[in-house]
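Just below is one structure, and these are the notes that go with it.
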Amino acid sequence: MRSVFKCVLFVPITLCAIYLIYPSVKLLIGFIPTEKCHLESAKNLDSSMDASLNLQSRPDVQTCTYWKAAIIWEGMFDPRLYDEMHKMKGSSVALTVFAVGRYLDAYLHTFLNSAEQHFMVGLPVTYYVFTDMPEKVPNIKLSPLRSMKVIKVEKNSRWQDVSMMRMKSISDVIESDIRHHCTHVFCFDVDQVFTGRFGSEALGDSVALLHAHYYHLPKYFYTYDHNPNSKAYMKTGDFYYHAAIFGGSWKNVKALTEACYQGIMEDKQNNVEALWHDESHLNKYMLLHKPSKVLSPEYCWDTSIGFRRDIQVTRLLWAPKYYDTLRTP
């Protein structure tokens, strides 16, 4: 069984490696058509907040899911209308980010400064910075309606554990603090830079992000966890979601992080580790609990992919990855 399992994993992982290595392959993949939205009007979406979207404005991409959730692309929405609706509704946002070990020096200052310029501008925002070195958190000049809270966390011996254990830390701080002050939560990796509007159109009850490297690929290439012994096990799914960004109402993010943490701990008890760690568990959760809104890869783009006609703007970019020097063994 073990040899069969290795063979099953070998093919998609090998193909993904080829995709990452050869730029020409990435270019060709951009010509693979995506599915199309089957709804004629956004009034048929499950979310009344998204009724103003123009689902037909982007015929080149998929603008809704089969469970009637919007997929947000440039050209579909009026940013001023969304901002006005959320201000009237009293929306406020908690942004969580982990800056542990060398990641703090390498990325945090740029991440926070760029967030001040582009993230949920005009809405109340509280930054929750999780770090093992609170004394090194940079002193950022914050705009009105913005504040920052620093939470000390222990530094795990492996980067995989840092990634997975953040689920418990986020759940705990939602329970102790965020739920009393914020209506929504967005969770980010720190090695990213905001480059354009990341605004209130992204808010929803449960928000997932299409992975930039997978959204044009057939589902066969999605690297879900195929180990039946893992709680993250999936045969197939709807999309491949990127764990670099997820969000929603505080209640839904708390439920997600608690479920992922529980799955991670059950795997640990069984000496199992999901293929892509917390991302594998997040994809399993989103399969069972469909997101109410999906963000296009505009909201987290990797420039190494090269030109894609459907990426008209970039709102958040992957920062250069220095895994050899930044990640603990």
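Numbers run from 1 along the shown chain.
In case you wondered, yes, glycine gets a Cβ from its N, Cα and C as well.
The active site, nucleophile annotation in TrEMBL covers E279. Look at TrEMBL and you will find F98, A99, V100, Y103, D189, V190, D191 tagged as UDP-N-acetyl-alpha-D-galactosamine binding site. Taken from TrEMBL, the feature Mn(2+) binding site covers D189, D191.
Taking all protein chains in view, 21 other C-beta atoms sit within 10 angstroms of the C-beta of V190 (UDP-N-acetyl-alpha-D-galactosamine binding site). Other than the site residues F98, A99, V100, Y103, D189, V190, D191, same-chain residues with C-beta atoms no more than 8 angstroms from the centre of those residues' C-beta atoms, the UDP-N-acetyl-alpha-D-galactosamine site, are V97, L104, Y107, L108, F111. Compared over the binding-site residues F98, Y103, the count of CB atoms lying within 10 A of a residue's CB peaks at F98.
E279 (active site, nucleophile) and Y103 (UDP-N-acetyl-alpha-D-galactosamine binding site) have their C-alpha atoms 19 Å apart, to the nearest angstrom.
Sequence-distant contacts (6 or more apart, same chain, Cβ under 8 Å) of A99 (UDP-N-acetyl-alpha-D-galactosamine binding site) comprise Y107, L108, F111, V129, F130, T131, V137, V190. Taken over all pairs of the listed UDP-N-acetyl-alpha-D-galactosamine-binding residues (F98, A99, V100, Y103, D189, V190, D191), the Cα spread reaches a maximum of 11 Å, rounded to the nearest whole number. Figure note: comparing Cβ neighbours within 10 Å for the recorded positions D189, D191, E279, the maximum is reached by E279.
Residue density at V100 (UDP-N-acetyl-alpha-D-galactosamine binding site): 21 other Cβ atoms are found within 10 A of its Cβ, drawing on all protein chains shown.
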